Amino acid sequence: MSPALPPPHPPAAPGVRAEVVVDLAAVRHNVRLLRAAAGSAALMTVVKADAYGHGLLAVAAAAREAGAAWLGVATVEEALALRAAGDDGPLLCWLAAPGQDYDGAVAAGVDVTAYTPAEVREVAAAARRTGVPARLQLKVDTGLSRGGATLPEWDALVAAAREARGAGEVVVTGTWSHLAAADEPDHPATGSQQGVFAAALSRARVLGLAPGLRHLANSAGTLLHPDTRLDLVRCGVATYGRHPAPEVAGPDTGPDTGPGAGLVPVMTVQGRLALTKRIRAGASVSYGHTWTAERDTTVGLVPLGYADGVPRHASSPGAGGHPAEVWVAGRRRPVVGRVCMDQLVVDLGGEELPAGTPYELFGTGHDGAPTALDWARAAGTIDYEVLTRVGGAAGADGRLARRWVDTGWDRTSREDDA
Ligand SMILES: *Cc1c(COP(=O)(O)O)cnc(C)c1O
């Protein structure tokens, strides 16, 4: 597959303050790319957190269409939202607090994950109530020290699962773990986690439990560590066209070579400037007057702020001295002064542009325009957080509009390849 590029999005329509545009053709393109990268492993597309801010149901449907065998979410509630929308394919969730109601998930054939014997018993109780054996996966803590059972705790978890299986209450469909540092190619944690995982698998077999699907890899594992792919890979961020290891991938406008080449960013955040104006040398901008114009200039008011998920840490001068930038009239324009709750200001460098001029906060990086990674770097964070915050502000109760577009460009480029 050649690294197809999507056609540029049309700018926001007049009157649109701000919108999140989600390119479903890019989702399908990335899912196909990841299926190919996964080799013989099956692909799970991770759609937790409202598909990293891109919209759970729309992304899930696009991922299934492009051949994602599995979907993955964090919570039972996210899984049930998918079932309610008619998705009846393989689906895993992995995070709950004691007292979680598992009945709906068990009845709907959702795979649930247990970290502890107590969780196995809760799931088994749900199976007794619903009259359906629960699909259960077990999580090993191989060194992330987050969810899952450590090796000393593992035998008890396996024993609880075996007992519930013996009672016909559960079917163990998988055994899995999560990598801590797969985005750093030489980090020793990846190899050591693989070793612990192998030990847990053989211990389960010794104790009489077949592990089911074995899975370990996130996006970074899938792209950078082929021997972590096992039976199934769980790809989140790469689905959304963001490289899980940008420091490895090189310059950010979509790596052109190496693992992950050809991923296309899915989310574009754009709108229309609320206002433009001239300011004089010596005028200071935004709260606290942290930026002062050195010469006469023009500025543009971007009607988006931290209530819309834009990180306030991206206020000038930005983390590490790199200002965040906004694409206006074919150029990057630096944010000046503090990002406010509803708005931020960019320096237009003296250019006279009318109010209502289109802007793009971030998107595909076309023509050198800023990406979510540029915003993340300016704010001292990662692009995962930028997407999830801004996209999340566009969720059901958010005030930001979110629009899904499907121009089908992925299909055209595939035909061209054929
Ligand atoms: C979020 C998550 C993933 C996806 O990670 P990416 O780095 O976005 O690919 C995979 N597995 C688990 C358990 C997760 O929580």
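In case you wondered, yes, glycine gets a Cβ from its N, Cα and C as well.
Copied over from TrEMBL:
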{"type": "ACT_SITE", "residues": "LYS48", "note": "active site, proton acceptor"}
{"type": "ACT_SITE", "residues": "TYR287", "note": "active site, proton acceptor"}
{"type": "BINDING", "residues": "ARG146, MET341", "note": "substrate binding site"}
{"type": "DOMAIN", "residues": "266-405", "note": "domain 'Alanine racemase C-terminal'"}
{"type": "MOD_RES", "residues": "LYS48", "note": "N6-(pyridoxal phosphate)lysine"}
Identify which of the recorded positions LYS48, ARG146 has its Cβ surrounded by the largest number of other Cβ atoms within 10 Å, counting every protein chain shown.
LYS48
List the Cα distance (Å, whole number) between ARG146 (substrate binding site) and TYR287 (active site, proton acceptor).
39
Helix, strand or coil at ARG146 (substrate binding site), per DSSP?
coil
Distance, MET341 (substrate binding site) to TYR287 (active site, proton acceptor) (CA atoms, angstrom):
11
Which residues in the same chain, at least 6 apart in sequence, have a Cβ under 8 Å from the Cβ of MET341 (substrate binding site)?
GLY305, TYR306, ALA307
Pull the DSSP breakdown for the domain 'Alanine racemase C-terminal' (266-405) and write it out as helix, strand, coil residue counts.
34 helix, 45 strand, 61 coil
CB contacts for TYR287 (active site, proton acceptor) [other CB atoms within 10 A, all chains]:
12
